[in-house]
Amino acid sequence: MFNLCYKGQKLQRIVQSKRMEEPYFTFGIIADIQYADKDNRLNYLKTSMRYYRNSLTQLKVAIKEWATESIKPKFILQLGDIIDGVNTKDNSSTIALERVLEEMDKLPIQFHHVWGNHEFYNFSREYLNGSKLNSRARENRIDQQVGTSESGETNDESFYAYHFSPFPKFRFLLIDGYDLSPIGREKTSLKYDISFNLLKEKNPNEDLNSPTGLEEEQFVLFNGGISPSQLDWIQSILTSSDKKEEKVFVVSHLPVHPDAADTMCLIWNYPEVLSMLQSHPCVVGYLAGHNHEGRYCMDPSGIHHMTFSGVIETPPESQAFGTMYVYEDKMVLKGRGLVEDRTLHYRDPKNMQVGH
């Protein structure tokens, strides 16, 4: 009898231990696919090869793995630059996008899309707002807490940002890094004028994509900034999450910390954005793409800044995507190929420091 009771208690402990190890939820992450039906060629800086056709193959591999994982991801974060700007040279942008979305549609899991510079090389904001890349539209239908813009409209001055909660006490906040940007605005808009004038003030180079000689290297045309209206909106969401004691992941195409990317890849007004994020104890992570080599840092306040390797510059023999396992006290990244495995513990609000 004693032996049977002992075995029963041991089995119960094993079951409880296994249950404790199960994550609250998981989600997939992939960045900078930049698909095009084009031959391989060097990137803009001539420092790395771009594998245009293979990027679609890489996506197929990622989708197959997510589909067969024992714990199905609740959603996938697509961190921007889904197709490459080179598609505009032969008017193949729509065809290229359809090919990528066709593969994504094979996975019965919601994709959340952020918009990067290559989205705006290929399409207007008006087009993007009406496309499948507007994952905000779906959230608007199921969650009345989703933010759209300062006016709640998708007009030419609005920004593409929203938030959602996949599990109690967790929230994802997708922000628009090209809210202020000449490439993301119609030339007739007020934000275009503001963005272009700011860029010219900070960057006197003839080639506005060049950071040569700049004191603030982030002020190049392929980056963008966060407007005061979007900053106010972000502030309100984070303040609400602080009160609810939520854990918030901020998601953007552009990184925001100088140790998580080259300075020439950061949001224009990253010091302002970073300072605001660090002041809110709810923020636990910042997920971005854009800097294709990928990078990671934990800032002094305890926020984990993860910049994911770009699929477009991943050699055919490797991979670049990951799955995040979210627990009560930590998040565990299972990376593939160029994306490293990481165990990331949440910051302690009692020991918060603010600093870059």
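Yeah, the Cβs are placed from backbone N, Cα and C, and that goes for glycine too.
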Record says Asp32, Gln34, His292 bind Zn(2+) 1. Source is Swiss-Prot. Which of Asp81, Asp329, Asp341 does it list for that same site? Asp81
For the Zn(2+) 2 site, Swiss-Prot lists Asp81, Asn117, His290; sort out which one of His163, His253, His257 goes with them. His253
Sparsest-packed among the binding-site residues, when each Cβ's other Cβ atoms within 10 Å are tallied, from Gln34, Asn117: Asn117
Non-site residues, in chain order, whose CB comes within 8 A of the mean position of the CB atoms of Asp81, Asn117, His253, His290 at Zn(2+) 2: Asp32, Leu79, Gly80, Trp115, Gly116, His118, Glu119, Gly177, Phe222, Leu254, Gly289
Which of His253, His290, His292 (the binding-site residues) has the most other Cβ atoms within 10 Å? His253
Just jot down the residues in the same chain as Asp32 (Zn(2+) 1 binding site), at least 6 apart in sequence, with C-beta under 8 A of its C-beta; none if empty. Leu79, Gly80, Asp81, Gly116, Gly289, His290, His292, Phe308, Gly310, Val311, Ile312, Glu313
Within 8 Å of the Cβ centre of Asp32, Gln34, Asp81, His292, which other residues of the chain have their Cβ, at the recorded Zn(2+) 1 site? Ala31, Ile33, Gly80, Asp84, Gly116, His118, Gly289, His290, Gly310, Val311, Ile312, Glu313
Round to the nearest Å and give the CA-to-CA distance linking Asn117 (Zn(2+) 2 binding site) with Gln34 (Zn(2+) 1 binding site). 11
